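Data first, discussion second: the structure below is written as structure tokens.
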Amino acid sequence: MASDSAESNMDREMILADFQACTGIDNIAEAITLLELNNWDLVAAINGVIPQENGILQSKFSSEGSQASMYGPPSHAEAADAAAGGAVPPPSSSSSSSSPPSSSALAFCPINSSSRHIVERQPRMLNFKVEYRQRCVELVLEEGSTVGEIKQILESELAVPVSKMQLKGWKSGDVSDSTVLKSLHLPKNNSLYVLTPDIAPTASTSKNSALQDSLNQSFLLIISHREAQRDYSLNFPGSRTIQEVKRNISDLTNIPVRHQQWEGWPASASDDSRKLLAIYLHNDDSVLSNVFCSQMMCADSIVSYLSQNFITWAWDVTKEANKARLLTMCTRHFGSVVTQTIRTYNTDQFPLLLIVMGKRTSNEVLNVIQGNTTVDELMMRLMAAMEIFTAQQQEDIKDEDEREARETVKREQDEAYRLSLEADRKKREAQEREEAEQVRLEQMRKEQEEEKEAIRLSLEQALPPEPEEESAEQISKLRIRTPSGEFLERRFLSSCKLQVLFDFVASKGYPFEEFKLLTTFPRRNITQLEPGSTLMEAKLFPQETLFLEAKE
């Protein structure tokens, strides 16, 4: 078992090396992926990467008898040439009943195994962007094509006769229609333009120009949300689709597209977002094309079913350049797997009908219907595709509902969190205001105390000196009881004014404006007397006991 596994791994390594050598794919991961898609069939994987419409590559799993009748066993000279890296010469007519096409360009693909294969060299493709009167046409052609072939394609695209068309923009100057593109040594991407001096602009050209101007123009849509009683003024480019507008409104209002009901769109406006896409690929070289078109695509039941449930689009792949353009578009929109699938179909298997479904943000090919079918079988496969599409729609609706429910819960949680933050903010602001008010009041109190202290000191300094007890002048000895129960004692000249007594009491912290000075018996309010009166006149001589009381 270990020996078989080792041999299998060694075979796969050789197949991987051969595949990379033939295709030029350096990325090992990509090469392994392509081989696994083809169950490690080397030839099938190469055919999937390199177009083989005119090729002669045969699978190693095909009949040995068929292969031998086609090529015959390799001679010793051929083996020597192969070992030296040379191309294997084509077989002679005697070795096969049908010789390979002489026009095919062949290249030798070195194979590590004893068998050898001939692989068609992939032609180099050139991209052209051709501008004509506000129009731009993109073309993809082989470098073996001629300038005249470009003009023929442009004739069908632009409705301009080749005889009146001047194709400009060549770096080598003007070229003739018979010039082969390969001889011009062109880069992969090229820009050209068409001049038609003999053709005046037509109404059709003006219409196309107006359409292009509309696509480039910006449109202001005033959208009224009636339930919320709110209007939105939104600018959209002319290339924006109705479906994209609805998605943008869904982002603004949280209303899913399928729940939106609109009024005001023009009658010609439509939204085909809920339909499948049917791509018809035609090839004139296939014998089945006429039968499929006349019998299948013209059947009333097929036409009715397609028109009701599908968006149909057709493409002609008869010319190699058109097929190259199709493969480029498929790679861009559907991915390399679909492109590889289309490459694997031979001309005799055309026409093809590709059923494409939009799945979330991507596109998926549901089915590929070949031309060798019947009306009933075609209808059954179309209906099966619709069943898958309907089931996918239901799944999308379910996912959207679940997403909407999650978003609703999240919005509610966010709103509760916002309200909590708002409450905390208001509480914090109230606390900060309260603290600021306390600081302000404390500052005011401090300033008032400082002001009172300054007044007290100034009054204390302005007081006349206390007379001696043995003074020759008449002295009044006053004893003042404070609200705290303490006593203030001082001698005053009997000729002193009452204002001096008031200043003394104020210098001790009892200002005249806040306290009143009273006698004990009889009870008199001294502060109501004239401050200019003397102590003698106020009968506060020779001694008196007074008490302080706060004013009401």
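Glycine is treated like the rest: Cβ placed from N, Cα and C.
No curator has checked TrEMBL annotations; they are predicted automatically.
Note that this is a predicted model, so its numbers are computed, not measured.
Look at TrEMBL and you will find 72-101 tagged as compositional bias 'Low complexity'.
The compositional bias 'Basic and acidic residues' annotation in TrEMBL covers 403-413. Mapped onto DSSP helix, strand and coil, the compositional bias 'Basic and acidic residues' (403-413) counts 11 helix, 0 strand, 0 coil.
Residues or ranges marked as domain 'Ubiquitin-like' by TrEMBL: 124-195.
Annotation comment: TrEMBL describes 471-548 as domain 'UBX'. Each residue of the domain 'UBX' (471-548) gets a DSSP state, and the totals for helix, strand and coil are 13 helix, 28 strand, 37 coil.
Under the heading region 'Disordered', TrEMBL lists 64-101 (among others).
Marked as region 'Disordered' by TrEMBL: 394-413 (among others).
Sequence annotations record features per position, and here TrEMBL assigns region 'Disordered' to 421-447 (among others).
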Can you tell me the mean pLDDT for the domain 'UBX' (471-548)?
92
